[in-house]
Amino acid sequence: MLRNYMKIAWRNIQKNKAFSFINILGLAIGISAAIVIYMMVRFETTYEAFLPDGNRIYRIVSNIGAPSNYSKNAGVPAPVFEAVPKEISGIASVAPLICSYYQTKVTIPGAPDKLFIDQSHIVLTNSQYFDIVPYKWLAGSAGALNEPYNMVLDADRAKEYFGDISPAAMLGKVVTYNDTVHYTVSGIVAPLKGRTDFTFQDFISWKTPNTSIYESWSWGKWTNTSDANQLLIKTNPGVTAENINQQLAKLRARNVEGPDSEGAFILQPIKEMHFDNGYDNFNQHQASKTVFKGLFIVAICLLTLACINFINLNTAQGSIRTKEIGIRKSLGSSRLRLILQFLGESTLLTFLAALLSLAFIPVLLNLFQEFLPVGMTWRMLLDSHIIAYLLLLIVTVSILAGLYPALVLSRLKPILILRNRFLMNNGKRRFTLRQVLTVAQFTIAIVFIVGTLTVSKQLKYVLSKDLGYQRDAIVQIQMPWRGNISSAKSVMMNSLAAMPAVKSISTANAAPIWFGSIQVGAKATANGKDWEGSVQQRVVDEHYIDLFELKLVAGRNFLPSDSSKELIINESFAKELGFKQPADALLQTIDGVGGVRTVVGVLKDFNFRSLHEKIAPLAMYPDKYASRAIFVKLNPPKSGEGWGPAIKQLQELTDQQFPFNINNVEFFDQKVKNLYSKERQVRYLLAWSCGLMIFISCMGLLGLAIHSTKQRTKEIGIRKVLGASVMGILSLLSREFILLVIIALFIATPIAWYYINQWLQEYAYRVTVNGWIFLLSGLGALLIAILTVSYQAIRAATMNPVISLKDE
């Protein structure tokens, strides 16, 4: 019986090649998108799945500031490392993680060829880290990290340092960091198996006294929070996160006072670390649940459109297959067998589509490479979970797409069929299901067109908006974050000043806009009222304001002769202090931003974070020696030269002064663009999704147009004989489809308006959603529909009527 069903299904596919092609191609696109998205979800959600006690492992993170406006930080003040094991009960293991995010020079004594100038994945920790994160030991033991100047390496890094020798032979060897500190290898571990954010390879005893790796960190301050200082804990069985959070709140209250007192230390479950973008993780790679939701919606929409095509085309073909159904019923076939036959056909079509989707998947992986996590390849198709999901998808799509046509066609009565008195749709219905589904198709397509246009408009806005400072022709040179660089920096500044291509230079701790957070607590008494709060800070020199063309609305710039006790604030800070006019804030004393300082100038507000955030209080103070970035404004290049020669000079000069500091010369405007990489990805995703949805919808529309013209071939022939024009017949055949698209536009408009406004709420500064976006989207969909239908309609209208009327 099953073999017979498959034979009939295959014959029908061959007989109706156009409809079969439309169904298979549409389903293949939908299935391939669904598989790729599931591969991504599977890849990302299995991070840290190998941890045996994952539900008991947490990271302590910091919320800094008032609950209504706090900033998140993945780190904790260094004193918390010692305080937690002593003052918090219910904890089995505590492991500090002092992460080295900056370039680290590594050498192997006695091996001059072993020089590594940009090593990463280095961490200072203790032996309890290996109790929390289980590694397989190849040589040595974790206890070695309880002593200073000891270290553990993973096998891959050890091989990189010492070559192909046994793990046991590596014990006792020495590794030198930044030419200053020597560590003895006391253990070798195998790399972790499974997807993980714990990508460390050099584990250094954190009990080693202050070294060049963390020489500038203020270990004794409870108010100094850096995401480089992180803390892992593993709780005892039965201890709740709420219990630990309550103890952490009391710990903070006992040790943090003054303007920094608002805030909290809280537990973050380790399995949420990979998805919580508010707090950085160790390898700077995190997934976004919001993006996954968007991708999931895209996959559902693509599959839905393909299923709608299948339902519409199969029910439309019902009139062609009615005699087959009537004969089968007359010969005793039951309705159940007919349903099984039609479901068998839909299953075969879906299976063929799934095979075709396997060819599409590598193409999609290449097109959406920006979205894919590092390490994800087409080989994931061999994962048993992916195979099971594909089989489930085939069964689900086969039932969803094939069940309704099967039910409709199997219920036809044989006596009416054989007398040609069947009716596929109740004539009393104003709209058929086929029309409703077509409207649904174009509603989805128009929503995505509107979304694509809006995201493009917002991205253009954020990239072209006047942010309040100059960003063109400025190069940022990042100097090393560790070590004494004052001498090299002085030579560098003098050499830059002598270059003809350089217009001006400045040094600071950060550019006007920065992805990170340099936030401090401050307090002041202004207008007779005490004020405490958080302030963003910049450490600059006297050339910074002029180089970036920031505007002073009151007071003056810093002077070389200043006493280093001056402060310049922005308008928002002045308003926060209660001053109605910027000039009223001059000579105000503020404590907390580099000490006690006096306001000598007020800057016009500028966007120092991305446009997702409103402008907050900001303060600048001078300290040219504490800055680790140099900003160079270039003169316009000579005609035809471009920026290449100037950049080459800057890179050569930087390499001379900082030979082990790589990837350190970059145009500032590119850094600004990088803040909106997520928006560019969303636009790219929407553009492709929109194109695929329009393509699938148009294929379905073309199929319906082909069926409609076939059904009305003789009517068209008679109309032509009676004098109907090509345009008249074209209008007759297109009218219904155009009406359906117009209805879809009216339905899609409020849906699209709601969702794009929800998305725009993420921005403090955003575009206005104008009516022209909806009108343009609707006209675009209408034009595409007309072009799709017109092709088949013109063919029918120009056909010789003799051909259509010569038989029957």
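Any Cβ shown, glycine's included, is placed from N, Cα and C.
Listed in TrEMBL for this protein:
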DOMAIN    20-250  domain 'MacB-like periplasmic core'
DOMAIN    297-414  domain 'ABC3 transporter permease C-terminal'
DOMAIN    437-641  domain 'MacB-like periplasmic core'
DOMAIN    692-801  domain 'ABC3 transporter permease C-terminal'
TRANSMEM  21-41  transmembrane segment
TRANSMEM  291-313  transmembrane segment
TRANSMEM  338-365  transmembrane segment
TRANSMEM  385-410  transmembrane segment
TRANSMEM  431-455  transmembrane segment
TRANSMEM  685-706  transmembrane segment
TRANSMEM  737-756  transmembrane segment
TRANSMEM  771-791  transmembrane segment
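Taking DSSP states H, G and I as helix and E and B as strand, the domain 'ABC3 transporter permease C-terminal' (692-801) has 92 helix, 0 strand, 18 coil.
Sequence-distant contacts of the transmembrane segment (431-455), counting only residues of its own chain at least 6 positions beyond either end whose CB sits under 8 Å from a CB of the stretch, comprise 301, 304-305, 308-309, 311-312, 315-316, 404, 425, 679, 682-683, 686-687, 689-690, 693-694, 696-697, 700-701, 704, 736-737, 740-741, 743-745, 747-749, 751-753, 755-756, 759-760, 767, 769, 773-774, 776-778, 780-781, 785. Sorting the domain 'ABC3 transporter permease C-terminal' (297-414) by DSSP state (H, G, I as helix; E, B as strand; all else coil) yields 99 helix, 0 strand, 19 coil. Looking at the domain 'MacB-like periplasmic core' (20-250) alone, the prediction's average pLDDT is 85.
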